[in-house]
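Asker: The structure is given below, and queries will be raised subsequently.
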Amino acid sequence: MRYNSNYLMYFCLVLGIFANIYVIIKITLGSSHILEYFQKNSNLSPKCEINVNNLLSFIENRHFLDLEQKNSQKSQPNYEKTLQLMLFAFPSGGLGNKLFEIISLHGIATSLQRKAVINATNPSFIETLNRNIQPLFPKLADQFTLRIIPDSLVTHQQTNWGRCCVYDDPSRFLNRSDQNLILDGHYFQSFKYFHHIRPQVREWLAPSKLQAMRAEILLPAKFRDDFLICTHVRRGDFQYDGLHRPSDATFTRAATDFLVDLYRKSHERVNVVVLGNDIHFAYTVFEDRVAHFTFLQKPVNNSYDYSLPQISPSYTAILTPTLTPEIDLAFSRLFCDVTLITAPSSTFGWWLSYLAKRTATTYYRDILESKDGVAGEMHPEDFYPPEWIKLKTDLNGKISKY
């Protein structure tokens, strides 16, 4: 019996040596393939069709290491006909606007059985992909092809014109014979353009390991097992642009308190995280619920026509310093059990909710109640998914669900 055990041990040792030699050979051959890839591509003559991988991935060499594996995992149909959008807000809008347009492009292209294409001759499109999309969401950038298509070979079709948040059903273009179709329209801010590919969208926008680590730092360890309500506030240019309505202090606090009371009925530990672009506003609204507020000085005054409520449930409000939008998205994905959109036309607040935990529930302020100017360009049933819950305020300031 002892002889058999030793024999087996020697056999496993020899087998392990051969396995290691095999792995080394595979790694060496893989490296040579990568070198050949660089050499071949350095001598390529210009082509009309440029893949996003080849154009943008030079930024990080590690992207090339994943290229072969990514291509092998793709199972997308290779459509011959192409689709473009005019990408009205893509170069100049915030991250929420950019995501709506580029993901709507892919969703519509899938519905029309066409290849999603971005105009390679437009330098602002290339710069936006390079700076704002590929570094944050490389999997999303991989879904698009850059092409140089002469305008004489493109058929323009006007749709979704002049309104941000209305679904203009693209299925009427399904049987068009045009080889290259471009839809001239604005914003394309409706979940209906891409809701049929939501699992893929969540995969493309999943946080990187570094983003996830940075998001975890924002939440003290003692709160990580709690039921977390994530209140998103949006101020900034919304205060001055004459169209949008920023987060209102009274509604933000009242709606958050309402949700804490609601979920205390089913969860023992309920706390609040405030995400957004105005940390001083957040402190003013939740001053009596904030703990460990040490990363900046307290605001010197209250300019929000707001006073703390006399009656409020007990909870801790965790304020997050504004880092970068993708960190807030990562935080929502990892920790938010409930999201609250306090500025109803905020596209970033929308994405924060759409990409939250799979089991998360979203609440939002009634845009008509807020007197937001975007309401005139919006069909709420096209902008907010039906499972999201609208909140209203009565004459006494009490919050309730519709």
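Every residue number used here counts from 1 along the chain in the order it is shown.
Note that Cβ sites are derived from N, Cα and C of the backbone, with glycine treated the same way.
Here's the feature list from Swiss-Prot:
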| type | residues | note |
| --- | --- | --- |
| CARBOHYD | N119 | N-linked glycosylation site |
| CARBOHYD | N175 | N-linked glycosylation site |
| CARBOHYD | N301 | N-linked glycosylation site |
| TOPO_DOM | 1-6 | topological domain 'Cytoplasmic' |
| TOPO_DOM | 28-402 | topological domain 'Lumenal' |
| TRANSMEM | 7-27 | transmembrane segment |
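For the listed features, I'd like the structural context: burial, neighbours, distances.
Answerer: Annotation for N119 (N-linked glycosylation site): spatial neighbours Q84, L87, F125, L146, R147, I148, I149, criterion Cβ-Cβ under 8 Å with sequence separation of six or more.
In the three-state DSSP reading, N175 (N-linked glycosylation site) counts as coil.
Mean pLDDT across the topological domain 'Lumenal' (28-402) comes to 88 in this model.
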Asker: Report, as a single number, how many Cβ atoms besides its own are within 10 Å of the Cβ of N175 (N-linked glycosylation site).
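Answerer: Here the count is 8.
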